[in-house]
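Notes follow once the structure below has been shown.
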Amino acid sequence: RICYLAPRDTQICAPGQEICYLKSWDDGTGFLKGNRLEFGCAATCPTVKPGIDIKCCSTDKCNPHPKLA
């Protein structure tokens with residue numbers, strides 16, 4: 001699987017990691033900064049705490065930055 005690890009950087013995931021994910025959350029820095037983002041690969045869709053959004057998918061490059069998609 002090939003997943004984004006940053007807005008424009010991709011990586012071939014390790015064996016067994018067939019899920020790409022994009023986590024987003026408000027870090028409390030205010031309107032101008034917006035949400036924080038975390039991109040990655042995983043074996044299963046990660047569990048997140050309340051207030052954190054996560055999108056998981058299972059095709060190559062399926063977790064792009066929302067503004068670059």
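Cβ atoms are placed via backbone N, Cα and C, with glycine included.
From a predicted model like this one, the values you see are computed outputs, not experimental measurements.
Some features that Swiss-Prot has for this protein:
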- C3-C20: disulfide bond (DISULFID)
- C13-C41: disulfide bond (DISULFID)
- C45-C56: disulfide bond (DISULFID)
- C57-C62: disulfide bond (DISULFID)
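Rounded to a whole number, the distance between the Cα atoms of C3 (disulfide bond) and C57 (disulfide bond) is 10 Å. For the pair formed by C13 (disulfide bond) and C56 (disulfide bond), distance between Cα atoms is given as 14 Å, rounded to the nearest Å.
All chains included, 14 other C-beta atoms sit within 10 angstroms of the C-beta of C45 (disulfide bond).
Proximity note: of the listed disulfide-bonded residues (C3, C20, C62), C20 have a CA within 10 Å of the CA of C45 (disulfide bond), given in sequence order.
The two recorded residues C20 (disulfide bond) and C41 (disulfide bond) have their Cα atoms spaced 5 Å from each other.
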